[in-house]
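Worksheet: one structure, shown below.
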């Protein structure tokens, strides 16, 4: 029993050391081994062994206390009782260390698994942050491009407004000139009408004079 406990204790110590110190791929092997122990029927088997060892530990402690009480009553401890006391004490110590190392291995495995998950989550979050930064950079580039295009459109609109103002002023100038020309044409027409009337009057006067001259002749 003691030799088996020493073997288990050394094995647990080696596993705990591999979990605490990263030595090449050995930590991964130790993690996989503990994972296999924690899957399937492994947890039930481990609990059964732990309960059995706890019962043996309590039995050893009871035997140690019993031997001590008997020695106190008698006043001396026989060599046989000393051997039994040392055997029970060694066995109880080995069982206690075995259970403690099993608990340490369980906690180390738990926290290492959580650490691996956190690292994966952190890596995923980092990738998402980099992706968001790239999207943000792309959006900024698009925004800068849109801003430059907007400024270009504004400059073109300003040029078009200036052209429209110029065309409007030219149109008003042409309309003014057309109004002046129309007034001049109206004046010329009126003057022409007056000249025609004067010409008609002169023709009548000429005819009257010709008639008078003929009548006197």
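Glycine is treated like the rest: Cβ placed from N, Cα and C.
Unlike curated records, TrEMBL annotations are generated automatically.
Per TrEMBL, the feature transmembrane segment maps to 6-23 (among others).
Feature annotation from TrEMBL assigns transmembrane segment to 44-65 (among others). Here the transmembrane segment (44-65) has long-range neighbours at 37, 84-85, 88-89, 91-92, 95-96, 98-99, 102, meaning same-chain residues at least 6 beyond its ends whose C-beta is under 8 angstroms from one of its own.
Counting same-chain residues at least six beyond the ends of the transmembrane segment (85-105), those with a Cβ under 8 angstroms from any Cβ of the stretch are 1-2, 5-6, 8-9, 12-13, 15-16, 19, 34, 46, 50, 53-54, 56-57, 60-61, 63-64, 67-68, 77. The transmembrane segment annotation in TrEMBL covers 85-105 (among others).
Look at TrEMBL and you will find 126-152 tagged as region 'Disordered'. The region 'Disordered' (126-152): residue composition by secondary structure is 27 helix, 0 strand, 0 coil, according to DSSP.
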